[in-house]
Each structure stands twice: as C-alpha cells, then as structure tokens.
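S.K.: Grabbed the feature section from TrEMBL, which reads as follows:
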- 134, 165, 191, 239: divalent metal cation binding site (BINDING)
- 440, 518, 595: Mg(2+) binding site (BINDING)
- 290-409: domain 'VOC' (DOMAIN)
- 437-586: domain 'VOC' (DOMAIN)
Ligand SMILES: O=C(O)c1ccc(O)c(O)c1
Ligand SMILES: [Mg+2]
C-alpha cells in the first residue's frame with residue numbers, strides 16, 4: 001500500500017509539512033498550488049527537497065475551471081495548463097488533478113468536455129505527463145464521479161484518467177458499486193477523506209470539516225472496498241481540509257493520517273481476504289475485558305492524602321511491590337496502584353504533572369499482540385529497565401504522554417500481582433463500599449487532541465465511537481465523545497476542552513497536559529454504597545436543590561425517591577434501556593475526581609447531568625476565601 005497526503009492537510013510552511021509527512025512514514029505527497037506559491041524556492045528546488053525527504057510528488061493540484069469553456073476562455077485555459085505543465089516538469093511530478101469546472105461560464109455537454117480532455121491529453125503526452133479528472137461535489141455540470149468517468153471514457157486518451165475522492169462521492173451518497181467496473185488503469189489516484197455527519201452546504205462542509213478516515217461518519221471503508229475490487233494498487237492519498245488540523249501540530253496530524261490509512265487498509269484486507277492489498281501484517285484489534293488497574297503517581301509527601309481518599313472510597317491496601325515504593329489498593333475487581341517511586345517514568349511524570357493517574361492497564365486476550373498492533377499503527381512502545389524478578393509488561397505511550405499497559409490471562413502477565421508484590425495484612429477500619437469494577441475512565445484533553453485519541457483507541461481495540469455531545473460548562477463548551485465496546489467492558493469517555501477556563505480546561509492547565517480526570521466505579525446498590533461511604537467519612541459532591549426539583553418534574557419521579565437521591569447527592573438519568581445513578585466525589589487537588597455509578601440497563605453516561613456536576617465542581621474549585629453557596 002503506497003501512502004500519500006496532500007500538503008493542504010497540515011499546518012506550517014512547506015518544509016515543516018514535508019518533514020512531518022516524511023517522519024510519519026508516508027511515501028508521497030500531493031503538492032497544493034497555494035503551498036507552492038507562497039514557498040520561497042523554485043519548483044526545481046522544491047522537487048529536490050521533497051526527494052531528499054525520501055518522498056515522491058504524487059500529484060500537483062488543483063487545476064480549476066478547465067473543461068467546457070467557450071472561446072476565448074478556452075484558449076486561455078489551455079495556455080494556463082501549459083504553464084502548469086512546465087511547473088510540474090520542474091518539480092518532478094507527472095500527474096495533475098483537474099477538478100470539475102465551477103465557473104458560471106462553463107458549458108455543459110459530455111462530448112464537449114471529452115473533446116477538451118482529449119486535446120489536453122495530447123498536450124500532456126508530448127511531455128510524458130498525465131491528467132486526472134475529479135468531480136467536485138459542487139461542480140457546475142459535473143458533480144458525480146460517474147459523469148466524470150463517462151467524460152474520461154469518451155476522451156479516450158491514455159494520458160487522461162479519473163481521480164476518485166471519497167468525500168465527493170460519499171457526501172452525495174453516490175452508490176459506490178459504480179466504482180467496481182472502472183478499469184484500474186484509468187484510476188490515476190485515490191483521494192481519501194472522512195467527515196462528521198453535519199447537514200450543511202457541500203462546499204463548506206468539504207473545505208472545513210473533513211477528517212481522517214475512521215474519524216468521521218462517512219462509509220469510507222465501503223468506498224475503499226469498491227476501489228480495491230477494481231485491483232487498483234496505486235497511491236492512497238489523504239486530502240483533508242480541516243480548520244482544526246490547519247491550526248494543529250503538523251507532526252501529530254501526519255501521524256494520525258498515516259495511522260488512519262494503515263487501519264483502513266487492515267480493515268479492508270480482513271473483510272476481503274481475497275483482495276491483494278499490501279498492508280503491513282499485524283494482529284487483529286483486541287477485545288478488552290476490562291480495566292485491570294489504574295496507576296497514580298504521587299510523591300511521598302502527597303501519598304497519604306491520596307491514599308486516605310482512596311480508603312474512604314472503601315479500598316483496602318492489598319499488596320506492596322517487592323522492590324519499589326508502590327502499593328496496590330483493591331476493592332471488588334478494581335485495582336488502584338499508588339506509585340511513589342522517585343525513579344523511572346512514574347517519578348518523572350510526577351515532576352511534570354503532579355499527582356495524576358498517569359497509567360492504566362487493560363485486560364486483553366493477548367497483551368503482546370495488543371502492543372504489536374498498536375506499534376504497527378504508529379504508537380510508541382513503552383518500556384523501562386526492570387528490577388530483578390520483575391516481568392516486562394507490554395505497553396505503549398497513551399494520552400498526554402501517559403502509559404497504556406496490556407495484561408492478559410494466558411501469559412506470565414496473569415501472575416504479575418503475585419510475582420512482583422507481597423500481600424499486606426491490615427485492618428483499614430473502613431467499610432467496603434461495594435464497588436465492583438471500573439465502569440469508565442474519563443480522559444480530558446484539548447479539543448484538538450480528541451480525534452487523535454478516538455482514532456488511536458478504535459484502531460487498536462474492538463470498540464466503536466459514539467456521536468459527539470456538547471457539554472456546556474459556564475465558561476465554555478466541552479465536546480465529549482465515547483469509545484466503548486458492545487459489552488461495556490471498555491468505556492473511555494473523552495472530553496475535549498476548547499478553552500482553559502472550563503473545569504476540563506483548568507484540569508489541563510493545572511496538571512500540564514491531558515490525562516485521566518476521573519474514574520467511575522460500578523456498584524449494584526448506589527444507596528448502600530452511599531451509606532457505606534458516608535460511614536467512612538466520604539463527603540459527596542454537593543448537588544443543588546434546584547436539580548432535584550427539576551428532576552422530579554422531568555421524569556415524574558416519586559417524591560420519596562427524589563428525597564433519597566437528594567439526601568445522598570445522587571444524580572439520576574434514564575434512557576430507553578433503563579435507569580442510571582451517579583455519585584461524585586469532590587475534586588482531589590486541581591481537578592481529579594471519582595464517580596460511582598449504578599446502571600440498571602442504562603447505556604449512556606449521564607450527559608444531561610454533566611452541567612450540574614460541573615457547576616458543583618466549580619463551587620468546590622472556587623478560590624479559598626470566597627463564600628460557598
Ligand atoms: O475544495 C476544492 O476546491 C477542492 C479542490 C481540489 C480537490 O481535490 C478537492 O477535493 C476539493
Ligand atoms: Mg479531491
């Protein structure tokens with residue numbers, strides 16, 4: 001599989017873009033005319049720079065408003081094409097993308113357009129160049145790849161071919177089966193882009209909201225499967241017009257892009273084993289059975305505070321590491337690891353972020369296979385020097401520079417707690433609160449990182465994303481999206497903060513980066529749990545009276561139930577599958593908190609309650625000395 005990306009997809013100047021593209025692993029690059037025009041080097045020099053990066057120029061684009069022009073515009077258009085052919089020869093590419101004419105001067109007619117292309121083909125052939133025709137979804141006469149293909153077919157010239165762009169085809173919901181019968185040698189290149197489903201003007205949608213395959217809602221996989229059926233084995237080239245990407249880090253966006261292509265190739269090959277698709281071999285996506293542990297980094301001075309908080313939640317100290325300053329707390333199937341070791345990555349994470357949940361371990365079928373797949377998809381493997389007797393736990397770097405470990409039940413990893421730890425016998429004097437397992441892990445990140453992690457998780461694990469939800473914090477919007485599997489054993493909620501003033505934004509700036517902001521644990525009986533927690537001295541996040549008045553009105557709740565909820569600061573929600581109960585802790589430090597949930601069939605995350613939780617957290621976060629309501 002040969003991979004390429006258009007320069008328009010990334011931010012920065014042309015040299016920065018090329019550097020990021022090469023580093024991410026792409027083979028080729030589409031040079032956008034505007035990027036070239038503002039570049040301070042000659043076309044020849046640009047070509048050298050591209051090749052020095054080990055890249056090939058897959059095409060030059062766009063050439064606009066060509067076909068169907070009346071004279072004298074027609075002659076001028078051909079002159080313009082000759083000038084661009086000069087440029088292409090200088091930079092060293094043989095392919096130009098002509099997008100369908102949007103000019104009001106353009107005349108219709110398939111034969112007229114075909115004749116223009118035949119003549120352009122003759123001129124291109126003299127120079128050994130090729131011309132690919134793409135139907136823009138908003139083209140004046142041609143806005144459907146089937147019509148573009150008919151023109152290319154009638155142009156009947158070896159140097160004239162078709163360019164298919166998934167966005168234009170899928171945005172107009174054109175049947176992709178029409179692609180299967182196109183001869184592969186007439187497809188000069190494939191451009192790929194996804195997009196979130198938004199009902200808006202096609203041009204505006206295309207120029208501002210495209211994203212990487214797998215990040216949006218379009219059936220790019222179905223499109224690609226149809227392309228693969230033709231036998232096409234040329235470049236797959238990303239062409240992503242996205243305002244956010246254009247303001248982002250070129251390196252990070254390029255890595256996402258490369259990952260999206262490899263993941264797409266992997267899906268196509270698995271769905272159609274008979275197709276010859278040259279994709280790097282890698283294990284299948286891992287099914288996640290659950291969160292095996294969450295690990296906090298602390299320093300020795302802060303450890304007692306965090307441990308006291310964990311103890312009031314009903315966790316008991318279960319084991320100590322044989323050689324490190326690491327303690328395991330346990331309740332039900334939940335393990336919280338408190339790492340106060342100054343050495344190693346935990347120690348340096350503490351120095352950068354302060355007390356934080358910097359790592360988590362997921363239970364999968366085969367830990368090493370999960371790591372191998374992640375690495376094949378461009379993740380960074382993580383490892384540390386081992387103390388004698390320690391087992392190497394497969395891991396990759398995750399959100400915010402944290403660590404994602406993989407455990408399994410079949411390798412020696414299954415016995416890690418026995419091998420590396422000594423049991424601790426202790427009477428904690430605290431009650432078990434009936435917490436069972438991790439329901440979800442909530443990660444907070446700047447909004448522009450959200451798609452990165454969405455793609456990361458869905459590419460590695462058997463999990464899907466849910467639609468994005470807007471959460472209104474009094475200081476700004478937070479966008480929330482969930483990655484989850486059908487059985488509910490993997491649930492990661494991601495909150496993308498648009499500014500620093502929201503509770504989520506404040507967490508990011510106070511802890512110097514993205515990370516796990518809260519952990520939600522399950523209980524089978526939220527009322528019993530709340531009472532046990534209260535006996536332990538746990539003080540729940542205080543929810544306003546107004547919330548309960550509204551709740552009773554909204555759901556028609558029995559006042560006796562409302563009273564029981566309010567007495568314990570329990571939030572409530574309901575969907576078509578059942579009921580949901582939530583109880584929050586106040587924040588620990590500058591933003592970390594815990595949640596306890598009881599699901600009675602309910603499948604969501606209480607999005608409707610988020611604004612009440614945020615308001616309560618804000619009261620809690622108010623600077624000292626200010627009155628509380
Ligand atoms: O938005 C555009 O004009 C435009 C230009 C060139 C392309 O290849 C494309 O898909 C869109
Ligand atoms: Mg295109």
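Placement of Cβ uses the backbone N, Cα and C atoms for every residue, glycine included.
I'd like to know what surrounds each of these features in this structure.
M.R.: The Cβ neighbour count for residue 239 (divalent metal cation binding site), using a 10 Å radius and every protein chain shown, is 27.
In the three-state DSSP assignment, the secondary structure recorded for residue 595 (Mg(2+) binding site) is strand. Around the Cβ of residue 595 (Mg(2+) binding site), the number of neighbouring Cβ atoms within 10 Å comes to 20.
Taking H, G and I as helix, E and B as strand and the rest as coil, DSSP gives the domain 'VOC' (290-409) the counts 33 helix, 44 strand, 43 coil.
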S.K.: Tell me the Cα distance separating residue 518 (Mg(2+) binding site) from residue 134 (divalent metal cation binding site), rounded to the nearest angstrom.
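M.R.: Computed Cα spacing between residue 134 (divalent metal cation binding site) and residue 518 (Mg(2+) binding site) is 47 Å.
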S.K.: At a 10 Å cut-off from the C-beta of residue 165 (divalent metal cation binding site), count the other C-beta atoms across all protein chains.
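M.R.: Excluding its own Cβ, residue 165 (divalent metal cation binding site) sees 25 Cβ atoms within 10 Å.
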S.K.: Between 0 and 100, where does the mean pLDDT of the domain 'VOC' (290-409) sit?
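M.R.: Average per-residue pLDDT within the domain 'VOC' (290-409): 93.
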S.K.: Using the recorded Mg(2+) site (440, 518, 595) as reference, state which further residues of the same chain have their Cβ within 8 Å of the centre of those residues' Cβ atoms, listed in sequence order.
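M.R.: Here the nearby residues are 439, 441, 442, 493, 519, 520, 521, 593, 594, 597.
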S.K.: Which of these binding-site residues (440, 518, 595) have a C-beta closer than 6 Å to some atom of ligand 1?
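M.R.: By the Cβ criterion, which requires under 6 Å to ligand 1, there are no hits.
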S.K.: As a check: which entries in 191, 440, 518, 595, the binding-site residues, place their Cβ less than 6 Å from an atom of ligand 2?
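M.R.: The ones that qualify, in sequence order, are 191.
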S.K.: Closest of the binding-site residues to residue 518 (Mg(2+) binding site), Cα to Cα, picking from 165, 191, 239?
M.R.: 239
S.K.: Write down the Cα-Cα distance for residue 440 (Mg(2+) binding site) and residue 239 (divalent metal cation binding site), rounded and given in Å.
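M.R.: For residue 239 (divalent metal cation binding site) versus residue 440 (Mg(2+) binding site), the Cα atoms are 34 Å apart.
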